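Straight from TrEMBL, the features:
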- 61-82: transmembrane segment (TRANSMEM)
- 103-130: transmembrane segment (TRANSMEM)
- 136-157: transmembrane segment (TRANSMEM)
- 169-188: transmembrane segment (TRANSMEM)
- 194-214: transmembrane segment (TRANSMEM)
- 235-256: transmembrane segment (TRANSMEM)
- 316-551: domain 'ABC transporter' (DOMAIN)
- 740-760: transmembrane segment (TRANSMEM)
- 767-788: transmembrane segment (TRANSMEM)
- 794-818: transmembrane segment (TRANSMEM)
- 914-1157: domain 'ABC transporter' (DOMAIN)
- 1183-1206: region 'Disordered' (REGION)
Amino acid sequence: SVNCRAANYWYSGFIRLQSLIDAAIIQMQTKRSVWSEMDLKVVMMGQPGSVEVQKFPHALISIYLVLAFTPFVTFLIVNVAAEKEHRLKDTMTMMGLYDTAFWMSWGLLYAALVTMMSILMSIIATYTALFPNSDFFVIFSLIFLYGISSIFFSFMLTPLFKKPKFASTVGSMLTVVFGCLSLFTVLMKDFPQPLVWLLCLLSPSAFSIGIAQVTHTLRGDGAVFSSLAHGPHPLYVPLIMLVLDCFLYLMLAVYLDQVLPGERSLVYFLKPSYWSKRKKRYVEVSSVYDAEVNGAPVGEESVEPVSPEFRGKEAIRISNIRKVYKEKDNVVEALRGLTFDIYEGQITALLGHSGAGKSTLMNILCGICPPTNGSATIYGSPVAEIADGSEMKQLVGICPQFNIIFDVLTVEEHLRIFAAIKGIPPADIDAEVTKVLKDLDLEKIMNAQAKNLSGGQKRKLSVGIAILGDPKILLLDEPTAGMDPCSRHQVWSLLKSRRAGRVTVLSTHYMDEADILADRKAVISQGQLKCVGSSLYLKTKCGVGYHLRMSINNGCEAEKITSLVKQHVPKAKLSRQHEAELTFTLPFESMDTFPGLFSHLDCQPDLGIINYGVSMTTLEDVFLRLEAEAEVDQAGDVFNREQAEDECDNASLDDTDQRLLAFSENKSDVVSGHALWRQQFSTVAWLHMLNMRRERKAFSQYSIYLPVVPLQIKCRSTLRISGLVPSAYWCGQAAVDIPFYYLILSCMTTILFSFHIIIIRSSPFQVLCTVGFGPAIILFTYVFSFGFTRVCVVSASLVLLSFLNENCILLLFLLRWLEIHYGGRTMKNDQFCRLQHQYSFISMFCRFAFQGFVLLRHRLDVFDLNLHRISPNSKPKVEKNPEEGLNEDEDVQMEKARVKEALTCQSCEEKPAVVVSNLRKQYKGRREGFSLNKKRKVATKNISFCVRKGEVLGLLGPNGAGKSTVMHMLAGDTDPTAGQVLMGDYGTELRPADNPLEHVGYCPQVNPLWPRITLQEHLEIYAAIKGLRGQDVPGIIRRVVNALELKEHLNKQAKSLSAGLKRKLCFALSMIGNPQIVLLDEPSSGMDPKSKQRMWRAIRAAFKNRQRGAILTTHYMEEAEAVCDRVAIMVSGQLRCIGSIQHLKGKYGQGYSLEVKLREELTGLQQVALLHKEILRIFPHAARQESHSHRPTHTHTHTPPPTHPTSFIFVSLSSAKQTFNFEEYNFSQSTLEQVGG
């Protein structure tokens, strides 16, 4: 070849010159001419090989085919392990799914995929030059058996790990490592045959050995059935062992799945009870409890006795149940001797704080976990007996706390699959699915995939799965969590309609839900039963009294009204005061004085009272009182300890309010300009260092994962609202990442030089290439991170990119390897050498230049919107509203007038903190059919309202009403299509102030917390981002910690905080910096009642400051009543009504609710009829709210707004109580839930 350097000796004339010199020397020495005798020939010198030429292809092909199955193993492990992590398998097992059916469903599906893959790969291998002359069925058998063994190998690994990501990583690594072990049999001569059999117990090794043997037979007739016993390692060995591996892995998978959860012993299959399970179907309760009396201890004050009708109908009996968990060195007692009965024909609610033991009790009743001591029976049969049999799926419907969904399945497909699992006959499945879809109003979304459903819709689907087959017992763990009021009411109506003849047990954090829905409530605290009974019983025994709520005008004197109330009710307490509303708490023992008080209020219109309403204490108050008693009973109470240690915490609720008020009114100087940029820069760098130091994955692809984490946890949006400058954020990140790269580079270079793996070269291109690669790849990851919002997706994409990149590098390495080891013809074409040395520099230089340009351009595009909002000279870009609201409520029209006045009035004494004027948001839709026009989706329609300073405005409404869209526009996450939003100190030119972000605090619905950053570090980071001076930060943190009772949690990382503490921390972060406007998006979501009350108290105290306003969204109507001064209810993107709580109750409320409990000896039909007649005399238009056959001692009546004054009503009810001698009654105004619903 002309291109070969060795040939240059011939073509350049060098050989001719050398031969002439040699001939001349010979002639001089011998005195004889040798020109005619000389003959020139060129022979290439041979090079001895260190490895036989045929062995390397054997190993390379076998390893590559093993790697081809690695993504298959990874995907299978992730899917199976994810179902176990989300506890879907356990739930389906409780519903009747057999373990054999579970494993066969996965096995048959992937066996079909393996079959198709094996056929395709065998055709390619045998009909191309890869394995010529080989038999198709031999190759197919080898590939197919390895594929099946890979399925069972994946099944075997899933019980060993809890996290799918970790399981998939280990599975992939083991597959590659086991496959590489076969290299010993290829590269070593005389490898012992017994070790080959032993090595083939690992299926990747068996497959790799088999492929290597197939490659070896290519020198002969190929891999055919007649040659299975030939060769250094006969092919029949891996084939036989792969069959054995399939059975071995399958047995290990089933065994580990039973043993590793820890519920069965290692030799469970040797016990006779496993092979001879006793089958016992339930019997009717009347035959079991005929000779028994009421299960509740008669005479015990904390348990309300049931009526005679329910005695003997104890469907579930819980007897002295204890449950103890062992966590390392700690022993946690979740349940402490729980004993009570649950009755057929009633709905029983389990109430308690987070960690009280509600879910543990539910798991025991479902058969998920056994109790440590005690027993639970369902219709006379122990739960442990029916949990493993077919009785459970026929008898019990289960809705666990988590959603039972598969992301890719539709709503209808979910119901059909679970109907089949529950054993519903195929002929009845269609009718049952249709009925459930109709009952829960899921028909409109029946074809939607579960991943596209909202949280409330997923819960409705889980409830629908539970009621499939009309089970006799329903166990529902927080069934309405995340639902809007309309959806909650639908579920309540459904459960009430299915109450007769069935048993319903539900746990909930919504006290109003338990009050309205449940017949009996069981309050559990610290694993112990505190009280059991009806709402009226609990309110009377443990309540705080009545709440008197007054709607007042601007000229009202609060002191005068307070004096009047206390004149009639000396123990009355002013619990809340606002310029438009007053709320008093009136004790039960003063009920006889109520008529005089109400009569006095009715007779004095000059007091400034627009209207007033009275309602009985809520279950929330009952729960908090029982919780307080439980805390006193607990030795070493956390809060008592804290009060003893900290002089700032030795106070009551009022002192806590004072601490919150002092915190909220605190003002400190802030830095600005370049000083603020430097402070933010250093803070981001410090934050990044903390994340890298504590994140275990930081040293493996850290540059890919960490930039995506803030997007996934929604931190960047919150930081932007807090005033973080984009350049400070990215420069702070790079200031840590780039030096860290150079540190690693220095260490690697030192090690390579020390061991003489590389030698020092002086090529400037190589130095530039090495130095420039770090900034290039770091900047690339910053850009790359914006294409993803989930770390798991980045992980998968990284694997794909790495696979492509590494294969390109492997190809060049292979060329170099062939160049070194095989020389010959490869060396003749030295273009490979030139390609190698130039490839690295050119590609890296281009990558550095291109990625730097892309980052600059992409940064400008991404932050254009944010820079526009932050820029002091920018004006909002809005369009004109295409329509104006028609047929609006008069309060909404008055609110628009106030907004218009606030925008046009230049001499107003006090401007609102927030002004929202005709706010509209319109999203681009999709084309329908063949239409060229896209249907636009309007999320909000001309919303107008204002928030006065010192006011908390609540945004209420069902899912899809537009609340979140409004919050996103207020927070700056999205631009309005039309309208105007003004916050803080705005001028008369209808534009924000110079830096509007310094006026806003934001508490989003999703906790924007870094998992490995402590609570104190979060506070310090946000304080620095908002520009607070370093010397002021410790004092501010101390005040907020004392106010929100966070002192003992300061050094805990965010991932270890409870849901309530996370929400408290988010609220604290939104309040740092003394913002004028605070946006609270469902601040108490996920909290138990006790934590909710603390959060509400914190919000109320924080906004006693007259210079601050807040907007709060919630699904929880009682939260709006407790926190908000005014509420605005949105429906379908429109503002339907707005006003104070009492104003909306008086205007839209549905009257009052009267509940009367008769004495047991007075429940005759004649006595009840006379009582109803008396109620109709007092309330002529009253109507029964529900049937009372399930609760004969109670009568529940709904009354329209009364025509008589409240004083007359209480006088009449007191007289009726004496006349009919009934035990107790509850007369309450309608709740805000009824107004919003």
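The first residue you see is number 1, and the count goes up from there.
In case you wondered, yes, glycine gets a Cβ from its N, Cα and C as well.
Nobody curates TrEMBL annotations by hand; they come from automatic prediction.
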Range from 169-188, 194-214, 235-256 with most C-beta pairs under 8 A to the transmembrane segment (103-130): 235-256
Going through 61-82, 136-157, 169-188, 235-256 one by one, which has the most CB pairs that fall under 8 Å from the transmembrane segment (194-214)? 235-256
Among the recorded stretches 61-82, 136-157, 169-188, which has the greatest number of Cβ pairs closer than 8 Å to the transmembrane segment (235-256)? 136-157
Determine which residues of the chain contact the transmembrane segment (136-157) at the Cβ level, with the cut-off under 8 Å and only residues 6 or more beyond its ends counted. 65, 69, 72-73, 76-77, 80, 103, 106-107, 110-111, 114-115, 117-119, 121-123, 125-126, 167, 170-171, 174-175, 203-204, 206-207, 210-211, 214, 223-225, 228, 235, 238-239, 242-243, 245-246, 249-250, 252-253, 256
Taking all residues of the domain 'ABC transporter' (316-551) together, what is their mean pLDDT? 86
